[in-house]
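The block underneath contains the structure these notes are about, expressed in structure tokens.
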């Protein structure tokens, strides 16, 4: 269910930048509707998100209409966030745990002011004001982000849900994207390959290659091809390729190269990677090291790796036990056979002795 909701979120963002965002918190449906009021300085008025060209240092008041069709009051909590790129190569306009990129000069939350919460009375509509103040210095490219509009969670319901501990619930939110610019200058994208290190995605071992977009433009139609080998060799150990990705302006993401259930091995490696976006091509070659401690820790946590060592110990133990049992049985059988042979030998000797005595007696009587 969560995957379906996430897909709807991505599609909604791509086809209008007003959509649903899901998270594992209380609630199951939206109790309000959202309508951005498109201003006169909108670059493309067919868009349903804010795409504005403003002069440096200019102030502007934007509005979003909020409508509540339910029988109870609704409290909405707006949040302003700069756009980021997730590990799937998808631009996120809602709050995430990812840190903003070091090349991002202006945080959208520093340029846009909004109330921390707004109340929508039952069967009513209100207007949410957004105060935008552009930086005084002119900049090339764009600033991108989003306004996340989420209903405030009821404290009692949240506590009750948390106490149960086992239920997974979803809360929806609207995300209205915002793109700001001051000129029409073309900025060529520039990607860099930063650190390469072992990690995990969904408890599965990967090699994370952090790709950074250092420029204030979207990187569209991004494709990546990569391969990993031992340092100084040409044999490919792991490889990955992906197309149709997108990066937010001044953002980064850890591109995961799956190990397909294989164990991490400590050692020195080399990553070769090629990234393409339209006519732009970047090629990188980077050495990295995996320590024995990191390999052991991640292998222990990988749900796909099944350590066969304990099965080997069990099999060896069973074989040794079977051999010991067989030796014991053969020893007991041999011992019994020996005892039986000794017993028969003694009985034969007794019979022989008895016959000899009887023969002597008969001889004595005859004399």
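Note: Cβ is positioned from N, Cα and C throughout, glycine not excepted.
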If I go by TrEMBL, the feature transmembrane segment sits on one of 310-331, 332-353. Which?
310-331
Checking distant contacts: for the compositional bias 'Basic residues' (344-355), what same-chain residues at least six beyond its ends satisfy Cβ-Cβ under 8 A?
none
